[in-house]
Amino acid sequence: MGPLLYRSRHIPAEEAQETGCFTTLPIRIHLRDDLADAASRRFVSDWAREMGDGREKKTYFSFSPVGNWSSLIYPEAIPERLGVLAYLSDLGLIHDDTGEGLSIEEAQAEHDELHAALDPDDKSSLDPDSRAMKTKKLVSQCMLECINLDHELGLNMLAAFRDVWLAISEKNSDKEAQTLEEYLQYRSDNGGMLVFWPMLQFSLGISLSEAEHELVQPIIDAATEGLLLANDYFSWERELREVQSGQSKRIVSAVELFARTMGLSVEDAKEAVKSRIIKSESDFCQRRDDLYKAQPNISSKLRRWIDCAGLAVSGNHYWCSACPRQNAWKNDTLSNGQNGHGLYRIHDGNGFKTVPMTNKTATDLQSNDIKILSNGNGGNAILNGNGAKTVVNGNGAKRKLSQYRMASPEQEPFVQKKRSMDTDTSCQKHDIQTVSQYPHHKPSNLAMDAPAAYISGMPSKGVRAALIDALNTWLHVPSAAIKTITSVVNLLHNASLILDDLEDNSPLRRGLPSAHVIFGQAQSINSANFMFVRAVQEVAQSLSPAALTAVLEELEGLYLGQSWDLYWKFNLACPTEAEYVNMIDHKTGGMFRMLLRVMQAESTATETPGLDFERLILLFGRFFQIRDDYMNFGDYAAQKGLCEDLDEGKFSYPIVYCLANHPEYRGHILGVFRQRPTVATTTASPLSTESKAHLVSCLRKCGAFEKTLSCLRDVERELELEIDRLERLTGEANPMLRLCLAKLSTKGIATLG
């Protein structure tokens, strides 16, 4: 194996040791540290402008005398990617700082809102003026840059931010670790490490297979331990002071764990953490060498990945030893803690006490009416002299899973009444009198809501909610109206899904049983119809007459579009491309056009001459549906079922192209379609694997997949140009809209065939 080539600068060990750094691994820094600093300054400026909460004045960011944090943990990053990494890192720092200063309830709300902002499956509406929406704007622009630089790794990083950092940041937050292994597991899950590694991959442009990840995981585990413990070692004094002074409500440290579980003094606990850091670095090197010995022909890609993981450990260690974030406390006066003689001022709930920290054990801390209890993932329960308890954690709040109840309190009387009717013998004697005396009351909505609740709980791409948020950048619809519009769109969309599955005789919806399979056809139809009624009620009660007109007109268009889709399938009549696109404009595009028109009816924005969103929505509807047609034959099949459109006999875009341009395959396709059941009363049965394989082969041979992908790329380019035009007219960039398109981009779609 030849030596690895570097594009970063080596930092001599003696230079690093001047800051108190004791890492045993080599340290390197990116040659373009200026790019990282510029991105950090941009983040601080963007935060101040968008958030306006002054938090940027209270947070120590990635800057340090020895280099930017991102320059040290990503020293080998592709230069064009260093800036966005620094930007995201500073977002993480300020988000953590904000959470540490909140109660557990406030932190949970903060995490839940930001998770919703980044979660395409979330159906809740965001207040345009909320912190989550403002943060979403910051993240959208940055993530758009990431996706444009590397579509696959950029999307992976976005998923890590959303599904790992935010969704499980409170995992096991109520547990107290008793061993270092437990603590490291919790901190690895909750402390951002599962986000860091995708960021490192992105920095290098390295994609790893599952097998490659598994091969190097023991080495990465050692690196993770080194990263976490270095932060604990250098941040202990700062975090302790912040908790004691009331600046923070949580503390994250293995120092406390060792002091509590091993009965060590704080000084000895810090030394134990230091020894463990050195051991983790030794384990990293030993495991790396063992792997190289066992697999001497290991790829240069994996060698580079392992090497850069080690550089991240040493770079983080060096930065922690010198950065103001961890070391500014050293310049504090008595009012901020240490008085210069090893004494600290501690607030016990009744006032300040000055106590020595040297040889202060965890037991001594408890005797001073302050008890710091690690919860296992860096969180703590702070007990003061009054017995008040605040349970806090390292990074935010645990995500809650929605649960459906079989009966609500308002429905319980209905259940009890039925039971009493079953056992009341007096009814048998006085049927006429009892019936005449029953009071009139509204029945329970349990049965009617069940199919709706079921369909709304299914996974979703969340495109409509994202589009509402993005368009509101320009339309400035009040938050109350946005909530109503989001609710109405969700109701109508879910109702259409129930009816679509019935009309298509489809047993599956995104890999799950369709609503009518669970609740029956009649009950599902009734529920879907009521969802339409409820949606119109909400518009009539909460929005303007113009909004109601828009909803009713676009509902008509939805039904018209669906009528032709059903007609073609039942009569085995293939539409022309123009007819098919017109159907899309009404059936699929109608929902997008509806939300636009309703938002325009409620908009408070000043009218701009020439500002017209019609073409944007028209193109978006076509792009969305034709992409869905294409993906049904590809990896999207894992969610919807293998080529489900073929089971339904659907004339999708590839089929329309094939039949219009290659009549030699007409008999093949229509012959198979003719044999499928066309009415919902007939038990649905998917086409055989052999039949599907034959039809896919016909589409591949005639170039239908290439034509469809080419069409998508053309429409995507038109969409990008339309967004450019609208941004020029409004004078306001719309990163959320661009990110919405980027997530659906053809750049990340493989060519079928």
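In case you wondered, yes, glycine gets a Cβ from its N, Cα and C as well.
Pulled from Swiss-Prot:
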REGION    1-329  region 'Terpene cyclase'
BINDING   Asp96  Mg(2+) 2 binding site
BINDING   Asp96  Mg(2+) 1 binding site
MOTIF     96-100  motif 'DDXXD 1'
MOTIF     231-239  motif 'NSE/DTE'
REGION    330-745  region 'Prenyltransferase'
BINDING   Lys461, Arg464, His493, Arg510  isopentenyl diphosphate binding site
BINDING   Asp500, Asp504  Mg(2+) 3 binding site
BINDING   Asp500, Asp504  Mg(2+) 4 binding site
MOTIF     500-504  motif 'DDXXD 2'
BINDING   Arg509, Lys587, Thr588, Gln625, Asn632, Lys640, Lys650  dimethylallyl diphosphate binding site
Isopentenyl diphosphate site span - longest C-alpha distance across Lys461, Arg464, His493, Arg510, in Å: 17
Within 10 Å of each Cβ, count the other Cβ atoms, then let me know which of the binding-site residues Arg509, Lys650 comes out lowest. Lys650
Under an 8 Å Cβ to Cβ limit, what residues of the same chain, 6 or more beyond the ends of the motif 'NSE/DTE' (231-239), are close to it? 248, 251-255, 266, 270, 273-274, 277, 316, 320-321, 325-329, 337-338
Taking the Cβ of Gln625 (dimethylallyl diphosphate binding site) as centre, how many other Cβ atoms lie within 10 Å? 20
Would you list, in sequence order, the residues of this chain other than Lys461, Arg464, His493, Arg510 that have their CB within 8 A of the centroid of the site's CB atoms, where the site is the one recorded for isopentenyl diphosphate? Ser460, Gly462, Val463, Leu497
Do you see any of the binding-site residues Asp96, Lys461, Arg464, His493, Arg510 whose C-alpha is within 10 Å of Lys650 (dimethylallyl diphosphate binding site), and which ones? none
What does the structure give for the C-alpha distance between Asn632 (dimethylallyl diphosphate binding site) and Lys461 (isopentenyl diphosphate binding site)? Integer Å is fine. 14
Can you give me the average pLDDT across the region 'Prenyltransferase' (330-745), rounded to a whole number? 76
Of the binding-site residues listed here (Asp96, His493, Asp504), which is spatially closest to Lys587 (dimethylallyl diphosphate binding site) when Cα positions are compared? His493
Could you state the whole-number distance in Å separating the C-alpha atoms of Asp504 (Mg(2+) 3 binding site) and His493 (isopentenyl diphosphate binding site)? 16
In DSSP terms, helix, strand or coil for Arg509 (dimethylallyl diphosphate binding site)? strand
Inter-residue C-alpha distance, Arg510 (isopentenyl diphosphate binding site) and Asp96 (Mg(2+) 2 binding site) (nearest angstrom): 36
